[in-house]
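Data block below; observations after.
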Amino acid sequence: MKLIDLHKLFKRTTILSIIFLAISAIFSTASAQSSFEKIDVFNTLIFVNTDGTIDVTESIYYDFGPLQRHGIYREIPYQKNNDNGKIFNMNIEVLEVLDIQRVPFKYTTTTSNGKLNIKIGDPDKYVTGEKMYQLKYKVSGALTYFSDHDELYWNVTGDEWAIPIRHASTKIFLPENIQNNTTIDCYTGVKGSTSSDCVPVKEKSNMFLVETKNSLDPYEGLTFAVGFPKGYVAVLEPQKDNSETLLKIILILAAIAWFIWNFVYPIKIFLNWYADYKNSKKAKITSAWFSPPKEAPHKPFPPALTALLVTKKFDSFLITSTIIHLAQRGYLKIVQEGKNDFNFVLLKEFHNDIKLYDYEYTLLKALFNETAVGGLVKLKSLKNDKNYTKNISDFNKKLSNALISKGLFTESIEKVNKKYSIIGGISLYFLSLITAFTAFIFGKKSAKRTELGIEKLGEAISLKNFLVSQDEQLDFQAKNQMFFEKLLPYATAFGVEDIWAKRFADLEFKNPDWYEGNFYSALAFSSFSSSFNSGVRNASMTATRSSSGFSSGGGGGGSSGGGGGGGGGGSW
């Protein structure tokens, strides 16, 4: 037992040792690479122009040692902060990047995190040993303007190099007409250091030389501040960075929008629904109204229109009832060959029939398209039929338009339904559950009826009540097949055909002209209706789915890494 434990311990120790050695190798390789590389000389020439810009030329003698690299990258900050922590943006324009022979280098520029990144070199070529890279760029907004003097406070080398810089120097040239009242200070070390291991030399009244006394270690830099009299250069201050303010504004607006979307908007949706709901209570409803609402004497509204007036809901019952109603009017015959097997036979031409509603014409076109009179179409074949899919998707839209054209609604139920389905879906995705709930439950049923619509609503509800009524006073109607057939499409549209059929359970039927099959009783029809509606629903499913204040760097008040410029770089 002890031998087994020792074996496991040895195995674990070996694995951990291998992992440790691998990690050590990675870090030692990275360390070895940085120990090989260095900058021998980092020289700059800086010209302060009368227009307020400065021209900077950096000559970087980069030693790759034995390593093979593609080139270097230089990162130069274009943002600087004032004493209040406000951020200002300078504009940096790269003018040229040359080698020691003054041959242009390939380079690309990108900006990220407040820095301009200049990537120099060819990804298809390698360099080794010492190479000279000369960068020339123009900066707007680098100068700082005080009440008694102007100043250039500039980080020459940057303090983000991970390699040593053996020697750094810079020459600063002011406009030639500046002859006196100039100052120069310099700083070295890591960012924030006030050490001055450097020599500032005033070579002329308008020309200065600053150079390091010793090499700069990794993450150390050289900075200077030169002051000069006011009035010699144009005022060209950096632009205030408003990204933080803009972000705050965006966050505040987002919070307001979130509150409105999650709490105010649901209330608005509910109130829109409630306004029509309250108005619908004005509808006059009777308990035994067996006549459909009419648009004119002896011209009742079709079944689908009547049902949608009440329910504001799109379903397969609207299509099924319209097919039955069209069959009763002689446009087609429904042929049932099995429980779930239905065919349609076109009985008369419909393309130029002005008696048809647009949605009825669309449905006939979906079923028959170019089928000749007498032609047969199988219901099952319509499921993947492109013509059926295209036309049936317009059925709801045209049915909604019919309600508007008849003066029953002020807006399209189909559009309102679609609008709140989208809003509900988006809300559900972002877990705005209150908005999603109100959109699905109330929003989809918030389309507004007109005064005429309210009047006809009372008649339509009265008809539905009659269809589901089991009052004994209606028994006399249960002996009339013609009466049963007349209201059959309306019962189907309301989805109450089973209840309606039970009123005629004892009546024997003969097949009507519009139907061919086993229609021998009302209960048999109930089975037919259920199967037929299921077939229509399956065929229609495909169609439904597709539808400024800066501090000075002069007078000993500055530090290394202050002012503009700076950054760092490395090899790649």
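Numbers here mean position along the shown chain, with the first residue as 1.
Here the Cβ of each residue, glycine as well, is placed from N, Cα and C on the backbone.
Just so you know, TrEMBL annotations are computer predictions that nobody has curated.
Since the structure is predicted, the reported quantities are computational estimates derived from the model, not experimental observations.
So that you can see what the record holds, here are the features copied from TrEMBL:
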- 551-572: compositional bias 'Gly residues' (COMPBIAS)
- 39-228: domain 'DUF2207' (DOMAIN)
- 295-440: domain 'Predicted membrane protein YciQ-like C-terminal' (DOMAIN)
- 547-572: region 'Disordered' (REGION)
- 249-274: transmembrane segment (TRANSMEM)
- 420-442: transmembrane segment (TRANSMEM)
Quick test of the contact rule: Cβ under 8 Å, at least six residues beyond the ends. What residues does that give for the transmembrane segment (249-274)? 420, 427, 432, 434-435, 437-439, 442-443, 445-446, 448
Secondary structure content, the domain 'Predicted membrane protein YciQ-like C-terminal' (295-440) (per DSSP, counts of residues): 80 helix, 21 strand, 45 coil
Quick one: mean pLDDT on the domain 'DUF2207' (39-228)? 93
